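Taken straight from TrEMBL:
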type	residues	note
TRANSMEM	A:31-53	transmembrane segment
DOMAIN	A:77-261	domain 'ABC transmembrane type-1'
TRANSMEM	A:88-109	transmembrane segment
TRANSMEM	A:121-141	transmembrane segment
TRANSMEM	A:147-166	transmembrane segment
TRANSMEM	A:187-204	transmembrane segment
TRANSMEM	A:210-230	transmembrane segment
TRANSMEM	A:242-264	transmembrane segment
């Protein structure tokens, strides 16, 4: 049923001749994504162990691991992850809601679209990180600054994709809904929103990337807690292992967010042949 | 008209005995001087037409003759620029329009399963559980009970169109409008869908208006076929043969010939 089936084993005439050799396909498929990262870490550890890589430039993976134990045991790591995670989610909630609502309203209303879209497009072209000096002047280095920047960064991908999704809902389905007597709310709930949902998820996944990026940058510049602060603080004491640990944690958090978003997507779009197994 | 009368009585007797098919009375249609223009283009030029309640009317004609436009006016998808369209009951009393349409494409909501899609036909204000239950009953009428929980994307083209038919019929409309409903199906599926349509129409007794470019299909299904050309009715032919009709029937073929002559010849 899915597009992938097309790429299945090609059938040729005489396909029923006995197959002599077969790879253990499923297992290889599952392990394949991990081959490159594991190999890289292995090379890295080997390079450090044999002295090719200086500890001052790059700590060995084992050193990063022991830094992890230390930080985790002291409770600092857990605290910093919670703080960063809460900031990220708050920014996503605020910016995502605003972007979502604007996208829906502008997708549905010509007037609102004419009124606000040009402005939004103009603001969008300003790199939001360029606002950091101004934001520090406004809010100092408190939570508001990070919330503002994250929300602003997240807003646009959500807005653009929601708007696009609403505008591209199948007109025939909307016509069908109208003549089958759907009211405005019913039409939105049963036709427009589900129709826009695939596009909204694209926006969400973009937004998650921008969310972490913005948070990392703003935590590095102005913060007294969080993973970015942990890394920046460690730099001052030349603790490369903790700096690298922070990077690894960002990577893991980013991956986690993406996994959650994909699971949500798969669940919400289970009607879509592209998401059916 | 006597044969139609007998058939209607026959259908009425089915309705009263059958519990699964409580139906709304079929709606008659009275069109007087109906006009439709798009800019300078006069698509319909003074259509006068009376469709008695319970009749199966087919409208045929070349592309662009105005047949789909006429159908869209009947179900209120567009407004006529002149003339009147009135719905009436079997006694000639005017009633509120109650119609449903089946399009060439099924237009199912891909994010609803089949039973919920049929439930859409009941309109707002029906509880979901109730809508599903009635939806499943309507699915039984089109022989798709076993697909109630499937996604539309898992169905074949013919099955999807049967779901669309169930969705149109679940609210028991007085008028069912069919806009080339079988046009996108393969020849064999089409034949079985024609049989299904004829059977459902006989069981439920609604008025049906079918727009098609397939003259064989029109003659096979309808009581009466009208030919539209440049926005006017140029031919109105009764098809009195009783149902079930058989493909290849000589008397039907003769009517088909007359219709084709009217469609292709007059100009």
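We number each residue from 1, going along the chain as drawn.
From the backbone N, Cα and C atoms, a Cβ is placed for every residue, glycine too.
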Spatial neighbours of the transmembrane segment (A:242-264) not adjacent in sequence (6+ beyond its ends, CB under 8 Å) are 58-59, 64, 67-68, 71, 77, 81, 84-85, 88, 201, 204-205, 208-209, 211-212, 216, 227-228, 230-231, 234-235
Most Cβ pairs under 8 Å to the transmembrane segment (A:187-204), of A:31-53, A:121-141, A:147-166, A:210-230, goes to A:147-166
Within the same chain, the residues 6 or more beyond the ends of the transmembrane segment (A:147-166) and with Cβ under 8 Å of it are 87-88, 90-92, 94-96, 98-100, 102-104, 106-108, 113, 117, 120, 124, 128-129, 131-132, 135, 138-139, 192, 195-200, 202-204, 206-207, 210-211, 213-215, 217-218
Residues outside the transmembrane segment (A:121-141) whose C-beta sits under 8 Å from one of its C-beta atoms, at least 6 past its ends, are 148-149, 152-153, 156, 160, 214, 217-218, 221-224
